[in-house]
């Protein structure tokens, strides 16, 4: 019995001791807010802490964010931490933290005013965002607790003082270079004509002005355009504003200024709480950079004046762009994501790896789609960004530059509903992984739809096994792939844009990496356009309608039309064969695109095959007076025309594969209509020419008597068929227009659409 009593006593002692020891591997609870001391059954260390808390600045304006860095000394690390901001005089917790990697604490009835760790992984550096209250002024000190291991921790590690100052009324930055024309009427007479009241109707006398990149002219995040009026008898002009977030409403303004505001409507979701919001932005909301808002200015919106106008113009210039800050009326989590999206290029190459498209966009901060990666406590944190017009933007990890056995992370936008899913490339096909095991590979998933961009931020496990393939992000190196396209709930369509890194990278290192060159694909597209749009079309036109032209001047005993025909068709053959070789080398064999999705490859290979045999058929032709010559003529005509028709059709389907704008299709339609029209005109001209030649046979033909040594057998003079001048003029016109269309298509293929807009070549305006 004594032994049993001793055992029971020991158990009771252990339970009592254990009741006073709490180790929170997932972060400290709210109960530690008062003294931020861990309840680990021991006291804190008294030696100097090998950790520092460093504010990003010594002074900060109330309501503005600043960085706070927790860092361990060289060779040291910490498993857990707690950080607060306290007033220097009253020691009260103040301000709000913003983070997606760690856990919030709510101290003293506040919200997110302290931060702790989310997992026990070793950390050497933690960066947080902190914002003081908008109505607070004074000194603040950051106080932190660092846990090296369960029984070793330091409490009360403080930072230098940070002075929070009151926000001062700032002068608005000068607006960008803007020219506005104000029409004034000394003695206007008001009429009431029939004026359309439709929101986007443009009446006679209206002027449509597009304001681009408005944030550089933001004053209180509104757009101010200064106007100078020479006449004091100014009649106010009705100005109607259109924006995405609200219906137009008429506003009467008078000089010297008018103000308009455009507001984005963000949608945010997270892995723990999904929400979609479209808040009504206040007038302090900055317009998204790069967006274009159509605004209609006109004196016929509601009134019309008939007096002769006088005009004055004022131009103002700005060289300082406005700084984009998160919208203050959004929830804190949405503000944090918006801030991450705005600053996605920050720290690329220093604390995170970045890769995007087009090539060089990370340095220029103008990526169309982009992925970033950095080490997180529970794996690796990824960010994926791309255009909202895409159904998905995906980032993949591959052991080579080709598609196959790749792990893919997909940021999806299904009609405004955002999510992140895992996928896998098996061979040349893609499969979404929606099972619970695959979903467990991702954590802390947060998404944002804002400013015509989709943005996903999440943590992926460092080690995963997918489809019998093991992916170790800590020790292995991978090529980074990016692609975008349309998506459905159950599948991803073939990408409309794809890029892959030229070398492999380690997720733990932030190496600079560039995309694989698309030179061969671009050359393939250029060669095929040159072959089928230009060379083949010109060669067929000449062979069809110009055999009875330039008969007086032969070269090497061969008619001129045949020289031209052979030149153009030789170019067609050479460009086509070279283009085939380039694309086969580029993709490493046959394409992975399903012909049902895009038959470009099938059409192209058939066209290339017909093109290949055409010159060998020509070498086997019989003499012009042979009885089977008509059979050759028809076969030669059929193969050549079929090759051209299939080649141009393949170009239609290939435009999206090289990322050409959708409106490029209309350029091809214009060319086909022009080509058919020229065929029709020349066919009519040939009928007229044949009719005139037939009528001319009723008289004796002109003989070259002096040119023959035998006067009894004079030679007939070689003369062009009637209408030679008309045919030559039509050929020159056809060459000019054909080569112009070819040059435009080559320019579109080689130069990005953004550069065309920058150069002013694309001058039309798309609706927003």
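The first residue you see is number 1, and the count goes up from there.
Using N, Cα and C of the backbone, Cβ positions are placed for all residues, glycine too.
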Correct range for transmembrane segment (source TrEMBL, candidates 600-622, 692-714): 600-622
Winner by Cβ pairs under 8 Å against the transmembrane segment (663-682), considering only 527-546, 567-588, 600-622, 634-657, 731-751: 731-751
Highest-contact recorded stretch vs the transmembrane segment (731-751), from 527-546, 567-588, 600-622, CB pairs under 8 Å: 527-546
Residue numbers, six or more beyond the limits of the transmembrane segment (600-622), whose CB comes under 8 Å of its CB atoms: 528, 531-532, 569-570, 572-573, 576-577, 580, 590-591, 593, 628-629, 632, 635-636, 639-640, 642-644, 646-647, 649-650, 653-654, 657
Mean of pLDDT values spanning the domain 'Reelin' (10-181): 80
